[in-house]
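The structure appears right after this line, and notes come after that.
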Amino acid sequence: MTDTNQRPTNEGHSSAPEHLPTQYTPAEVEETLYERWVAAGYFEAHDKSSKPPFTVVIPPPNVTGSLHLGHAFEHTLIDALTRRKRMQGYEALWQPGMDHAGIATQNVVERELAREGKSRHDLGRDAFVERVWQWKEESGGRILGQMRRLGDGVDWSRQRFTMDEGLSRAVRTMFKRLYEDGLIYRAERIINWCPRCLTAISDIEVEYQDDDGELVSIRYGDGDAAIVVATTRAETMLGDTAVAVHPDDERYRHLVGTEIELPLTGRRIPVVADPHVDPEFGTGAVKVTPAHDPNDFEIGRRHDLPSLAVLDERGVITAHGPFQGLDRFEARSAIVAALRADGRIVAEKRPYVHAVGHCSRCKTTIEPRQSLQWWVKVGPLAKAAGDAVRDGRVTIHPKEMEPRYFGWMDNMHDWCISRQLWWGHRIPIWYGPNGEVVCPGPDEEPPTGPGWRQDEDVLDTWFSSGLWPFSTLGWPDRTASLEKFYPNSVLVTGYDILFFWVARMMMFGLYAMDGVPPFPVVALHGLVRDQFGKKMSKSGGNAVDPLDWMNRYGSDAVRFTLARGANPGVDVPIGEDWVQASRNFCNKIWNATRFALMNGATVQGPLPAPDELTAADRWILSRLNATVAEADAYYEDYQFAKVSDALFHFAWDEVFDWYVELSKTTLAQGGAAATATRRVLGEVLEVMLRLLHPVVPFVTEALWTALTGRESVVVAEWPRDSGFRDAAAEAEIAAVQQLVTEVRRFRAEQGLKPGQRVPARLTLDGTVLIPHQEAIRQLLRLDPEGEDFRVTATLPVAGAVVALDLSGAIDVEAERKRLTKDLRAAEKERDQTSAKLSNEAFLAKAPDQVVGRIRERLATAEQEVTRLTNQLAALPRS
RNA sequence: GGGCGCAUAGCUCAGCGGUAGAGCGCUGCCCUUACAAGGCAGAUGUCGGCGGUUCGAAUCCGUCUGUGCCCA
C-alpha cells in the first residue's frame, strides 16, 4: 500500500506503517534510541575535526544531586542549541561533568558516618577522604543516568569531575599564579561562619531572611556616665571592648575618651568617637564587639581596640563566668534575664523583625567570626570581568540582566576561598619551621622535613568551578582540545547563579586565558515554578520529580513544555496539564506521520517543479520555508519559547489541520497530482521533523528514520530556507480556509451533525477556488446537487456562493443572530477605519503604508457590510 | 533603605507605537476511514488606576497602587 522506502526502525514497532500503533509510547523507544546515539558516537567531539567548533559546558551539577526540573529545563535548552549546531555542521561539544560540592558532599558522608556512630575525626583525614571517594563511586552522580533519560547529547567520553587529577592540576596552577601575582593572600577578618558546617563560607553563600528577633536596650555605665545601647545580639556583650558614638554627637561628647563599666563583667571599656556611627539610629551609641561583628571589627581596627572572642566554633559561650557553655541562643535569653535582674534593661522590643544571615547549605544562622583565612583580591579581576561586558566582548541575554551583573562586579568584596573542610582541593601552601610560606606548583615537590606542614583548609568549590570552561579542555596544558574548543560558544545558565558562577568564570577565564573571555554570550534563563507561578520547594510540597513526568508522558513532552515556556530571563511555570498537552502534541506528530506513511508519502527523488504541484502543495512549501527562517531567527536570539511556538503552530494549525486534510482529496484522485503530493507530504514532514528534533529528539528520531529509511536525524542536516515563497498559493488557500470555515460555522449553528452530508451547489466562477471544488466538498461533506435539489440557504463568501439544500426549514433565528453579529463587527470596523481616513492629521502624518492598509480594511469592511445586509434581507421573516 | 522587574481572557504567559494573541481551562456538537492523547464550532478582556506625549498608546514618559526578586 505504500512506497517501500521504510526499513525496520523502532523497537516494538513493525516497519509497516499500518502496524504503527495509533498512540505513541515513549517508554518503548526512548532508552534504546539514546543508547544507539551514544554507541554511534554522534555526541563525541573531535579535536582534529575541520568543522567549525561549537562548545558549551554543562553547568556542572553537584555530585550529590539528582535531576530536578531546573536541570531538566537548562539541559533542554543546551541540548536543543547543541543538536541544532551539530546538524548545521559544527563540531559540537557539549562538555559534561560534575562538581565535588565540598560542603554538601562532606555533609552527606558525615551523616552516613554518624549512623555508624562515628565522626570524621574518628577516621582521620586520609581515611575520610577515601571514604568520600568511595561514596562518590557508589552513590554519587545519580544525575548522570537521569541526563541520559532526558536525552542530553553530551560527549560522555570527555566527562570530568572537579576533583579529578587534571582539574586538580588546573586548580593548583591557578592558585599559584594568583598567589604569585599577589591576588591571593591570607588575612585575619570577620568571615561568615556556619557553626553547623564548621567552616567559613563566602558572602554569596549567605542567605538573608527576615527573622523575628528582639531589640534590647541596655544601660552601660552609671549616673552621668551612663550610655544606652541597643542590640539584637545581647550575648555578644560579653565580648564588647568599647562603646562608639558619632564625633559630632553633643549628647555624648563629654564621655568620649572616658571609660564606663560593662555590665555583668565589671570590665571597664572606653567610649570612642567614630564617624561611621549613625547618630539617628536608636540612641546614637553602639556597643562594639570586634570579634563578632564585621562593622565592629572595622571600628576596632580604627581605634586599636582589643578583640575578645566569646563564642567558639559551634557558637557556644567560652567566656568564663555563669554563661560559659551555653549555646548562643540560650545565652541570649540568660544574659538578658541577668541584665534585667540587674536593672540594666531600658527597653525591649519583641518581636523585632530584621534580616538575619543563614547558611545556604544548612540554613543555620551565620555567626560572624574573626579568623585567619585565604582570600582572592577581586578588584582587578572583577574590573576586567565587568569591562568585558561593558565593551561588548561578552553579551548578556537578555540585556536587562546587565545592570545586575555590573552592580555585583563593581561592588564585589574580596572572596574568602578557604573552607574548614576535608573534602576539596587542599590549599597548596606549605608552612616551614621558621615561618616560611611556600606555594609549590602542581609539578613541583612540596617541601618535606621536620616542621613543614600543609595548610589544613580546602578551597571553595566555586574556585574549581570557575575554571570549568577551560580546565575541562586540559588547561593548563595547551591541548588540542583547548585550541579547538576554547572559548566556549555560549554559556546557558540561570540568572540566579550569575554571581556565583558566571562571575567566577569570567574572572578566571580572562585571567588564565590571556584576556580571552570564556564565552561571547551568556544566555540566562529563569527559574522553574509551579503552574501557579510559585517557587517549587520540597517544604512547599509543590516540587515535582521530572523523572515521574518523563516516565508517564515521555521525555519529549517534558522537554517541549519547558522549551515552550523559555522566555529569556523569565521564570517558567510548569504544570502537569501542560506536559500532557505536549505529550498530545507528540502523539499528533506521530499520527500525522503514520497517515503519511500509510498513504505513500516519500522523500525519494527531487521535489516536483512548482507547476506540477497543487496550490496546497505550493502553499505548504512556502509556509515550510518561512517557518525554517522563523525558527532560525529565534534560535539565533535564544528565543526558545518562540521557536517552539512557531513550530507548534506550523505543525498543528497548518500541516495537520489543513495540508493533510487537503492532501486527502488529491491522493484520492490519484494520477500525477497524487504522486507529486506524496512527495510534498514526505518533504514537509521530513523537514518538520528535523526542525523539531532539537527540542523533541526521541519522537522525531523514531519517525524520521521510519519516513526516510536513513540512519539518524541526529546527524541529518539542519533545514535551510530554500527561499521558495508563493504568495498566490497562500492567498488561494486562505480563500479556501475562509470559505470552509464560514460554511462550517453555518452548519454548526444550524445544528447539523459534523458527519451529515448535505446536497449543495457551488458557484465558484471568477474565484481562485475552482480547482478546490472537490476538496471543499469533502471538507464540508457536501454532496452533488441531485434531481430534486432545492435551495434552502445561500451563503456568499470569498466571492463564491454556496447554496445548500437542508431539506427542510432552516433555523432562521440562529442564522439571523449569526449574521447580525458579523454585521455589527463589520460596521464597527467600517466606522473605525473611515473615521481614521477622514482625520486630516492622520492622512498627513501617518506613513503611506499604514494609510494604505487602513484603506484596504475599509474596503473589505464595506463589502462585508453589503454582503451581510443583503443576506439578512434575504432571510424569510419569522 | 538601594537596585531591577512585573501587573494583558478563569489560570500561566506572549505581544511593546498602527485590526488584542497563545496554551490550558470553559460551552455545544461529533468515535467523519492518521489521531477521542482527536475533530469542528463557540464564548470570554474599560491590556492595574490617573495624568501626559502622539494623527494614533496595551505598547513611550510621569505618577500612584499592588506584587516579585536581588543587594544592603
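Cβ coordinates come from backbone N, Cα and C, glycine included.
Feature annotation from TrEMBL assigns region 'Disordered' to A:1-24.
If you average pLDDT over the domain 'Aminoacyl-tRNA synthetase class Ia' (A:33-439) in this model, you get 89. Here TrEMBL flags A:33-439 (among others) as domain 'Aminoacyl-tRNA synthetase class Ia'.
According to DSSP, the motif ''HIGH' region' (A:61-71) comprises 3 helix, 1 strand, 7 coil. If you look up TrEMBL, you'll see A:61-71 marked as motif ''HIGH' region'.
Residues or ranges marked as domain 'Aminoacyl-tRNA synthetase class Ia' by TrEMBL: A:452-570 (among others).
Long-range Cβ contacts of the motif ''KMSKS' region' (A:535-539) within its own chain (Cβ-Cβ under 8 Å, at least 6 residues beyond either end) map to 68-69, 527-529. As annotated by TrEMBL, motif ''KMSKS' region' applies to A:535-539.
For A:LYS538, the entry in TrEMBL reads ATP binding site. The C-beta environment of A:LYS538 (ATP binding site), restricted to residues of the same chain at least 6 apart in sequence and closer than 8 Å, is empty. Taken residue by residue with DSSP, A:LYS538 (ATP binding site) is part of neither helix nor strand, so it is coil.
The domain 'Methionyl/Valyl/Leucyl/Isoleucyl-tRNA synthetase anticodon-binding' annotation in TrEMBL covers A:617-759.
For A:809-871, the entry in TrEMBL reads coiled coil.
Annotation source TrEMBL lists domain 'Valyl-tRNA synthetase tRNA-binding arm' at A:811-875.
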